[in-house]
Amino acid sequence: SVGFKAGVKDYRLTYYTPDYETLATDILAAFRVTPQPGVPPEEAGAAVAAESSTGTWTTVWTDGLTSLDRYKGRCYHIEPVAGEENQYIAYVAYPLDLFEEGSVTNMFTSIVGNVFGFKALRALRLEDLRIPPAYSKTFQGPPHGIQVERDKLNKYGRPLLGCTIKPKLGLSAKNYGRAVYECLRGGLDFTKDDENVNSQPFMRWRDRFLFCAEAIYKAQAETGEIKGHYLNATAGTSEEMMKRAACARELGVPIIMHDYLTGGFTANTSLAHYCRDNGLLLHIHRAMHAVIDRQKNHGIHFRVLAKALRMSGGDHIHAGTVVGKLEGERDVTLGFVDLLRDDFIEKDRSRGIYFTQDWVSMPGVLPVASGGIHVWHMPALTEIFGDDSVLQFG
């Protein structure tokens, strides 16, 4: 059993409140909690609520200078996970005042910043968040959204088609642009920089931007269709990233790209604001997501990262394929695809949706099916993802 040191109070005395009625303005979280042997589930759930809000390991005199009742997170419900021994879903409600407006960064620092290394827990996973309109309304959200993108591209009633230029590393800028032209001329709507194409010695970013823009304009002139190439603006500093975005705008291209997890939410939100102000679409790649979301018992489920991206801002986001080389369960994938596209998503535990989510008027994000898919997957992909999606081959 875990020994708690002298002077340490049980969290559940303050932070486990099963009678609490959640407020419409609360941010609600569902955690999958695996306590250490001997730690009661109520204590583990309360520990999560405390450590991700106002609590520390003991009582301090400054607690008397504020109203903990107003500011504390509360574990308001705990249920055992069916088929798992000693594993629980702990529901935590956070008062809205704990969070800075319009900052996904602050939201994550608060909710998942400290608790995951907690001694009383063997493992912890954030399964879902309910973002109230009172909070989501403080975010710009996607620069444009699904409908505006279709209007910009003049493409309706079908999924958009794209492919990633390969070999992803090693081509010169001119040969890279040549491949972009061939793909776009052949009928694709989009081509894509690979997520690790930034500005390497064999192909500096400005040269790539120039030759890709040339390829886009040539293909547009010959096909009479609007074409795009996701120019990856991800860089080592956010200033450099903005410089690359500005260059793309000057070239008049329709869309740029960002790796939002490696680049970070602060940089991503800045870029999304720039994209709205300057009429650029923003394609989001989720490089590094599996580090965070792949373990069943620990980390953060991708549906939370997807919701966070919709708030931070992006017009496309990679969302798994269900059919390709990388794993993804169909119902769960469709659950977060709906969370990306729709205004109102009902709670549905069979699809992994723990809370009803109301986005009110925040624009939607197009899910991108990408990773090991080829033409024989088309029937399955269109059935799974429907019209509002990007099918990204190669």
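Cβ atoms here come from the backbone N, Cα and C positions, even for glycine.
Counting only residues at least six positions away in the same chain, the Cβ atoms of Asp194, Gly394 sit under 8 Å from the Cβ of Lys166 (active site, proton acceptor). Feature annotation from Swiss-Prot assigns active site, proton acceptor to Lys166 (among others); the stated evidence is similarity to another entry.
Positions annotated as active site, proton acceptor by Swiss-Prot, on the basis of similarity to another entry: His285 (among others). Long-range Cβ contacts of His285 (active site, proton acceptor) within its own chain (separation 6+, distance under 8 Å): Glu195, Asn232, Met257, His258, Asp259, Tyr260, Ile317, His318.
Of all Cβ atoms in the shown protein chains, 24 besides its own fall within 10 Å of the Cβ of Ser370 (substrate binding site). Here Swiss-Prot flags Asn114, Thr164, Lys168, Arg286, His318, Ser370 as substrate binding site.
Neighbour count (other Cβ atoms within 10 Å of the Cβ, all protein chains): 18 for Asp194 (Mg(2+) binding site). The annotation Mg(2+) binding site is assigned in Swiss-Prot to Lys192, Asp194, Glu195 on the grounds of sequence analysis.
Look at Swiss-Prot and you will find Lys5 tagged as N6,N6,N6-trimethyllysine, backed by similarity to another entry.
Secondary structure from DSSP puts Lys192 (Mg(2+) binding site) in a beta strand. Note: Lys192 (Mg(2+) binding site) has non-local neighbours Gly162, Cys163, Thr164, Ile165, His229, Tyr230, Met257, His283, Gln392, i.e. same-chain residues 6+ apart with C-beta under 8 A of its own C-beta. For Lys192, the entry in Swiss-Prot reads N6-carboxylysine.
The site 'Transition state stabilizer' annotation in Swiss-Prot covers Lys325.
Following the DSSP three-state reduction, the secondary structure of Arg286 (substrate binding site) is coil. For Arg286 (substrate binding site), the same-chain residues lying six or more positions away in sequence with a CB closer than 8 A to its CB are Asp259, Tyr260, Leu261, Phe302, Leu305, Ile317, His318. Packing around His318 (substrate binding site) is summarised by its Cβ count: 25 other Cβ atoms lie within 10 angstroms of its Cβ, all protein chains included.
Cβ contacts within 10 Å of Asn114 (substrate binding site), excluding its own Cβ and spanning all protein chains shown: 13. A coil conformation is recorded for Lys168 (substrate binding site) in the three-state DSSP classification, outside any helix or strand.
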